[in-house]
Amino acid sequence: MADRTPEAGTPATPENVVRQEGAQLDFSRDMSYADYLHLDEILGAQHPRSPDANEMLFIIQHQTSELWMKLVLHELGGAIAAIAQDALPPAFKMLARVSRILEQLVHAWDVLATMTPSEYSAIRPYLGHSSGFQSAQYRCIEFALGNKNAAMLQPHAHHPQRLALVRRAYESPSLYDEAIRLLGRRGLPVPASHTARDWTQPYVESAEVEQAWLTVYRDPRQHWDLYQLGEELTDLEDAFRLWRFRHVTTVERVIGFKRGTGGTGGVSYLRKMLDVVLFPEIWRLRTDL
Ligand code: HEM
Ligand SMILES: N[C@@H](CC(=O)c1ccccc1NC=O)C(=O)O
């Protein structure tokens, strides 16, 4: 290793400072930053199809969203497994991270909103029928959060690997299913229809499940970890609703009420999605408390 003691009189030029700090400069034999992060693959994956300069924003906005969604899925999977094993503290850590990522994705809309309708109209003809509707990771997140819908498997039928990923999320118990099973294991009266069921079916709201959550919320000190779980779920759905809202508002300001490239009515479809309630009893109990 080089002697880091500066020689008397060595001027503190930027080059000398780097040498004196002892920074590693030769990576012909060592793993570098770009090697570790596979940056050549990630930074080589932006291929605009139009001549418009704004397409780079559009591509990077989606690619970064997909990277964050990958982490959301990783953490959600971990949280679901932890709840199934009665390990609540690690589940809380993972759920808190998911909510912070969703908040980050909510703020990411500010960057995309710098793209005007005129700018987007130069890109849109190059998108064909591709659409976020076909995002496999997004669909896995919706399924992991319990918004099950068999029709959403179809856009992946042509790609066995992605289909397998989406199907696994479709067939597995959701985060909320596992939370309700936990209520049952803790001795709260939860109907069998909600602890063992065909997980591919959409969740059906239950008065008994609401009663179980009410028991928790009426005596938090007695059920502190379940109470915390309820509030983590609330944070998560709150953040997810904000994401949906920013999406539909950005879409309206950019394409108005045009049909989507994915074939839906566009804003009309996305507005219907604003009515989805992921954890219904968690919201209803607030009225009945
Ligand atoms: C100018 C930007 C955008 C426009 C105009 C737009 C437009 C639309 C439209 C019209 C739909 C409905 C499906 C269709 O018929 O195409 C849709 C769905 C979707 N978009 Fe976007 N979008 C934009 C940006 C984004 C971004 C940045 C993401 C982040 C990944 C995204 C993710 C999605 C997802 C996941 C869906 C499916 C939603 C669902 O099924 O509930 N979109 N988008
Ligand atoms: N559905 C959008 C197109 C779109 O936004 C899009 C196209 C390709 C890849 C990602 C997209 N983002 C979200 O839907 C539209 O109708 O203009």
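Glycine is no exception: its Cβ is also placed from the backbone N, Cα and C atoms.
Automated prediction, rather than curation, is the source of TrEMBL annotations.
Annotated features in TrEMBL:
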BINDING   F58, I59, I60, Q61, H62, Y120, R124, T261  substrate binding site
BINDING   H247  heme binding site
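Feature map: TrEMBL annotations on the structure.
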residue	record	DSSP class
F58	substrate binding site	helix
Y120	substrate binding site	helix
H247	heme binding site	helix
T261	substrate binding site	coil
Sequence-distant neighbours of I59 (substrate binding site) in its chain (C-beta under 8 A, six or more apart): Q46, H47, P48
Pairwise CA distance, F58 (substrate binding site) versus the residue listed as 'heme binding site', rounded so that it is a whole Å: 14
Pairwise C-alpha maximum, in angstrom, for the residues (F58, I59, I60, Q61, H62, Y120, R124, T261) that bind substrate according to the record: 19
Sequence-ordered binding-site residues from I59, Q61, Y120, H247 with Cβ under 6 Å of an atom of ligand 2: none
Lowest local Cβ density (other Cβ within 10 Å) among binding-site residues: Q61, T261: Q61
Distance, H247 (heme binding site) to Q61 (substrate binding site) (CA atoms, angstrom): 12
Under 8 Å by Cβ from I60 (substrate binding site), counting only residues of that chain that are 6 or more apart: Q46
Tertiary neighbours of Y120 (substrate binding site) (same chain, Cβ under 8 Å, six or more apart): N54, F58, V254, I255
Listed binding-site residues with Cβ under 6 Å from ligand 1, out of F58, I59, I60, Q61, H62, T261: Q61, H62, T261
Cβ neighbour count within 10 Å of F58 (substrate binding site): 20
Among H62, R124, H247 [binding-site residues], residue with fewest other Cβ within 10 Å: H62
Rounded Cα-Cα span from T261 (substrate binding site) to H247 (heme binding site), Å: 15
